[in-house]
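*Asks:* One structure, pasted below without further comment.
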């Protein structure tokens, strides 16, 4: 019996497959955090020329972040196929070949790096490329399959967007950018461990040494609580350093108290539903915190 002929894929469907490789929702948050870094680096409203630089910088960061996401899909296609939340990815479903995905990733990386180098500044390009290497190679290939601390160490790459944004506008990496980096770095572990808690069986089947798999639920929940407490303190630093004023402080305290509350509840009385709510609130926490920084920046 002869094999069935391959199913033709329309151009729009193929484009959607390539777009899905870039993990658009993740990249949107990355670009948003980079944008906050750009805007905070500029006193007052950006000029027309600065808005142009912001646009090019956002485009460059989006392209390189998308390239890293696509490369990640190649490396983790076997793992993605075993996990419900990632089984839809085109590489996991066999809709795109490794060669197609690798070429797509390379094109995005080259295009984004060129935009940043020629239309923003070389420092931003090199920092963005280092972030690509940190995520795609050091985190995805080395840390993630090796250690349950993968999220902690690899979180440095995920915390880079505001640093990239700051460098894009100032051609330097100031202490303000490092404060923003620290906030995201400390936010990352409780965010991902909350997800891993209610997806623990999927991670166990995938073979990834996530903390709930290697150290159990109780230990992971304690770590979530501890990190939310440390994060609460870190989120006060923009006010202490003079980057922001009282409106931001009020937002930071409320959001931090909410995240700590979820962490405490999760530690005391676990349920998958509560872990899912904690994960979702973590997204609200980071987005609202950076939005508060932005609004505070323009208050008289």
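Placed from the backbone N, Cα and C atoms, the Cβ positions cover glycine too.
Below, the features straight out of Swiss-Prot:
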type	residues	note
TRANSMEM	26-46	transmembrane segment
TRANSMEM	54-74	transmembrane segment
TRANSMEM	102-122	transmembrane segment
TRANSMEM	123-143	transmembrane segment
TRANSMEM	150-170	transmembrane segment
TRANSMEM	177-197	transmembrane segment
TRANSMEM	224-244	transmembrane segment
TRANSMEM	246-266	transmembrane segment
TRANSMEM	279-299	transmembrane segment
*Asks:* Take a look at 26-46, 54-74, 279-299 and tell me which one has the most Cβ pairs under 8 Å to the transmembrane segment (102-122).
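*Replies:* Result: 54-74.
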*Asks:* With the transmembrane segment (177-197) as the reference, which stretch in 54-74, 123-143, 150-170, 246-266, 279-299 has the largest tally of C-beta pairs below 8 Å?
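*Replies:* By Cβ pairs under 8 Å, 150-170 leads among 54-74, 123-143, 150-170, 246-266, 279-299.
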*Asks:* Applying the under-8 angstroms CB criterion, which one of 26-46, 54-74, 123-143 scores highest with the transmembrane segment (150-170)?
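*Replies:* Of the candidates 26-46, 54-74, 123-143, 26-46 scores highest.
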*Asks:* For the transmembrane segment (123-143), find every same-chain residue at least 6 residues outside the stretch whose CB is under 8 Å from a CB in it, and list them.
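*Replies:* Cβ under 8 Å, 6 or more out: 57, 60-61, 64-65, 67-68, 71-72, 75-76, 109, 112-113, 116-117, 149-150, 153-154, 156-158, 160, 163-164, 167-168, 171-173.
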*Asks:* What else in the chain is close to the transmembrane segment (54-74), if you only count residues 6 or more beyond its ends and a Cβ gap under 8 Å?
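*Replies:* Residues 21-23, 26-27, 30-31, 34-35, 38-39, 46, 80, 89-92, 98, 101-102, 104-109, 111-113, 115-116, 119-120, 124-125, 128-129, 131-132, 135-136, 140, 161, 164-165, 168-169.
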